[in-house]
């Protein structure tokens, strides 16, 4: 008898229900991280995981391996094809229990389905570690998920978020013959460094001062480290628990006082929560051109326009600046993401899925549910009751980059011959 613990978007020991459950089972335990295949091709000539996110995730897994070693355990790294690799581990180590974070995206669910089909004798448990609330805490059946974020927030307002659980002081010993951990090169000159300790450090850093009390006023700024919490890379990788952040915000409010800004930080966590359950509810429709409503947008894929958008060589200076920052750093402000998404869908009339796929490749903080859910929202095929968002790019530039400092910093000047003039299309309502 042995337990297999799968680490995916839960690369931490703090508030991780899988490791706590493994300790309860008290049998030899194999800890395995499900990794990516470097350079794995995706749609539109892109790759699934870009170099920056790949490096960030490698750092996260490296630190988790060290943390497990301190408890007498170790981490095995599995690369695709995942199913055949898991088949070998299950047979070789006599696995009787598999512990996995609840799959929220459809592809993740397929893996669990295949494991159950191939190994019916193995007990597969799904536990909630990526969300604030467990599935059994939702005050509605998943099929009755509210159609909008606002309705969702009202529905869960009275539900108490469970307190986060500390990391275990011990774990059962490892199964024998575990593959050594590969050597990973680290680049610590980048603003985002992977790992649970780095995520905890950023959580403490942001909350150790007045910034959360001004979040509502600064959240739409295009640049500035303190303009937003910057927790998203560690949340996406599972190095930070959403419940831990929620509890830490409560501590902050007791010390500094709560206001509209701290409430807005909670709303951001609830936005993320909504999209997690949205992905779980809608399955493969999260990735469909017609979205959850089977509504066909009046757009299509155009390789030339898409390439110029990716490179930041459109007719829109602010969009170009945002894309240059994304390509250089793997990160982009929330406002910047909305603007480039709106430009792709509305000004360039491109299939929204190519933009979502490019974000998947480029973003360090890529989260499948938040990314594809937000792109559907902008494109008008998702949870936006207004049927999509169209931002007036000139008005947005005047409002959020009035002196042009951000655009100049990221060299957002348009090429002499752009795709189309900014005046060729009607402005939006953003």
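From the backbone N, Cα and C atoms, a Cβ is placed for every residue, glycine too.
According to TrEMBL, the feature FAD binding site maps to 215, 228, 229, 230, 231, 232, 365, 366, 367. Feature annotation from TrEMBL assigns compositional bias 'Pro residues' to 164-179. Residues or ranges marked as domain 'Photolyase/cryptochrome alpha/beta' by TrEMBL: 1-132. Residues or ranges marked as region 'Disordered' by TrEMBL: 164-183, 402-430.
Long-range contacts of the compositional bias 'Pro residues' (164-179) within the same chain: residues 2-3, 12-17, 19-20, 22-23, 25-31, 67-68, 71-74, 76-77, 92-93, 241, 243-244, 247, each at least 6 residues beyond the stretch ends and with a Cβ under 8 Å from a Cβ of the stretch. In sequence order, 228, 229, 261, 262, 264, 265 constitute the residues six or more apart from residue 215 (FAD binding site) in its chain with CB-CB distances below 8 Å. Of the listed binding-site residues, namely 365, 367, the sparsest Cβ surroundings within 10 Å are found at 365. Over all protein chains present, the Cβ of residue 231 (FAD binding site) has 21 other Cβ atoms lying within 10 Å.
Here the binding residues for FAD are 215, 228, 229, 230, 231, 232, 365, 366, 367. Their largest Cα to Cα distance works out to 22 Å.
According to DSSP, the compositional bias 'Pro residues' (164-179) comprises 0 helix, 1 strand, 15 coil. The DSSP secondary structure for residue 215 (FAD binding site) is helix. Note on the domain 'Photolyase/cryptochrome alpha/beta' (1-132): mean pLDDT across this stretch is 96. If you draw a 10 Å sphere around the CB of residue 229 (FAD binding site), it holds 21 other CB atoms from the protein chains shown. Residue 231 (FAD binding site) carries neither a helix nor a strand DSSP state and counts as coil. Helix, strand and coil residue tallies for the domain 'Photolyase/cryptochrome alpha/beta' (1-132), in that order: 57 helix, 27 strand, 48 coil [DSSP].
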